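Have a look at the structure below before the remarks.
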Amino acid sequence: MGTYPAFSGSPQLPEQRLHGTTNLNPAGGYRIELQIQDATFDKYPAKQHAQRVAAKIKKGKGLIFLMGQKAALLEDSDQETRFRQRRYFFYMSGVNEADCDLTYDIQSDKLTLYVPNFDLGREIWMGPTLGPQDALKRYDIDEAKYQSFLQGDIKQWASCSGHGSTIYTLHDSQKPTGDFPNVFMDSETLKPAMDACRVIKDEHEIEQMRHANRVSTAAHIAVLQGICKMTNEAQIEGSFLNTCVSLGAHNQAYGIIAASGANAATLHYSKNNEPLKGRQFVCLDAGAEWNCHASDVTRTFPLTARWPGTEAEQIYALVQNMQESCILRIKEGVRYLDLHHLAHDILIHGFLAIGIFKAGTADEIKKSGASSLFFPHGLGHHIGLEVHDVSPDSIFAQDNDGTTDSWLFSSTYLSPCTASSPTLKSGMVVTVEPGIYFSQIALDNAKPAQLKHIDMDVVKRYMAVGGVRIEDDILVTKDGFENLTSAPKGQAMLDYIQQGNGSCDI
């Protein structure tokens, strides 16, 4: 198994600057100051994305058709559903408006956006909607038209392209309306081509994700500074949302997880409504969205500015070691599955050291699946326009002998195994989110082969820890990585709790 580096002290937090300032403070952490202001990002590179997708399709002719999300009412109500743009449409348009569609003519390299027809009543009630002239100014497109032109334009394209021309769509349910008898509708080719493009982020996409992480960092810090005065998980969720919205991020990338005590052992806990009194840790998994790009950040922290006990401090240090050891090894060409193995190896050696594991070698314990009782999910996932973003292949893969150990993923939320063995590539953004959870239901359903390696008397001392997870968003580079996430961990995290309330003595 070998040995793994130990980590001490607080991690170094990089200084970053965009839409505000970030400054180191005397406590060893940093202060982030963001203001709402007009975005200074360049136009979303929709045309470049369309060209990349066409190159993946590898055909000299054809028409790509993508439907945007439509405005809709709630069932039996006159209230609209919360709008969320279709991510494939956004990737090739950069448009976050309802009721739009697009076409891209591969041969002529022409990207056309179709916007909602003018509706005076809607304009009066809801305000101005996107029109063709405004769309041309705002977006990286060649032409903008009203929706009323769409069907006729496609018919004209089909007539000019000849018999057997192809229209590429994502799904059969998202074909353009109308009768196109001489056109072949292909709903198999476009999605994998777009997935292959989306997995490698360009600089514009990366900058959106950097900023989403900046907002999330500010929100996590606000929670730390206020946690001493909070009495319920709901206040944690409310504080995080308040900071994000105040900084212009009105949407979350996923539902906030504010899990205290034993609730932190539930991976996707969502109630966020229990009192904090008597709990050791809070696991806050929450990430803002910026221009449809996700962040995914998890921090676990005590309710006061000191560790609640030896057991809690040991588990936190072990998870931090797991995470930082894996992050340090990230670069192009690394197999992500190897990092997942590494995280389990560190957990096993740590549990042997503190007495939770017994009776067997580290390799025997690993093969029994005992470590998966405490770390039941994958090390991470792709992130981008979706929090669990797309890719042609999973970042997990089979082992070199063509098999995948079943113990690795006995309880994963998303099945990560595929027949291929991909490695990390420059431009990918992945999460690294190891965790250790003391789940009573998992232990109650453990197999005898697992239980023989576990000292349940020792485990009882750790049950109050609940769960610890630490998660950052990592950009893969040619020679290493860039950590997009700067929310404080370790001692720097405790310093922020201390700053929030003088009664929280370290």
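Along the chain as shown, the residues are counted starting at 1.
In case you wondered, yes, glycine gets a Cβ from its N, Cα and C as well.
Listed in Swiss-Prot:
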type	residues	note
BINDING	Asp285, Asp296, Glu471	Mn(2+) 2 binding site
BINDING	Asp296, Glu433, Glu471	Mn(2+) 1 binding site
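Feature map: annotations from Swiss-Prot on the structure.
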| residue | record | CB count, 10 Å |
| --- | --- | --- |
| Asp285 | Mn(2+) 2 binding site | 23 |
| Asp296 | Mn(2+) 2 binding site | 29 |
| Glu433 | Mn(2+) 1 binding site | 24 |
| Glu471 | Mn(2+) 2 binding site | 24 |
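Rounded to the nearest whole angstrom, the C-alpha distance between Glu471 (Mn(2+) 2 binding site) and Glu433 (Mn(2+) 1 binding site) is 4. Note: the Mn(2+) 1 site is recorded as Asp296, Glu433, Glu471; in the same chain, Asp285, Gly287, Val297, Thr298, Gly380, Thr431, Val432, Arg469, Ile470, Asp472, Asp473 also have Cβ atoms within 8 Å of that site's Cβ centroid. According to DSSP, Asp285 (Mn(2+) 2 binding site) sits within a strand segment. In this structure, the C-alpha atom of Glu433 (Mn(2+) 1 binding site) lies 9 angstrom from that of Asp296 (Mn(2+) 2 binding site). In the three-state DSSP classification, Glu433 (Mn(2+) 1 binding site) falls within coil.
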